[in-house]
């Protein structure tokens, strides 16, 4: 599933405008398993949107590094990462309820207690609920590239959004992006390189090899079989 959980239009103060969104709410049909997960596991792992800042130690019951993933699709890679790194905490945001249900079901099956999920617009969550300087990592994997030129403004990686992400990262925190659309990778690189306070972690100052910490998704595997490339970008907050 494409990741498309952002409304990237901002006013002069960096606040999200509501006119244009980069996602359409395509809720789709819930399977019985997804419906069961939403009914039974959301009360434990789900986080309702509010205008109060989250207290991560209270939310997870401990002090630990927090990774935020924006647009986790069906949640397979997010659950895999949370399982592989029990010493870290993970918060995922996804607007499509079938994906949220699938993620909850998988997390419950794995017995995870270091994963929480939200079903809301990610920009609003970042503005209203994520404290500044609180995140170890922000992950944005395979966002909708909006191929047509007239739709490029819908791309979520724009300067105001990247600045917003930077404000939520701790010093030394990392914004990790991945895309299978080379023009979007070039756009991401241009945007991120223009912002003071980010350092590109690529030795060649462009893209990084896929880190072992990012699982290969089914979507990505299919792309590899078709000969499609994937570009990973990792930028560290340095000030």
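Cβ coordinates are placed from backbone N, Cα and C, and glycine is handled just like the others.
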Which one of these stretches, 138-143, 144-149, 150-155, 156-161, shows up in Swiss-Prot as region 'Interaction with RNA'?
150-155
Out of 69, 94, 121, 144, point to the one nearest residue 219 (substrate binding site) in space (Cα versus Cα); all of them are binding-site residues in the record.
144
Summarise the region 'Interaction with RNA' (150-155) as counts of helix, strand and coil residues per DSSP.
5 helix, 0 strand, 1 coil
Per DSSP, to which secondary structure element type does residue 69 (S-adenosyl-L-methionine binding site) belong, with helix, strand and coil as the options?
strand
PLDDT averaged over the residues of the region 'Interaction with RNA' (150-155):
80
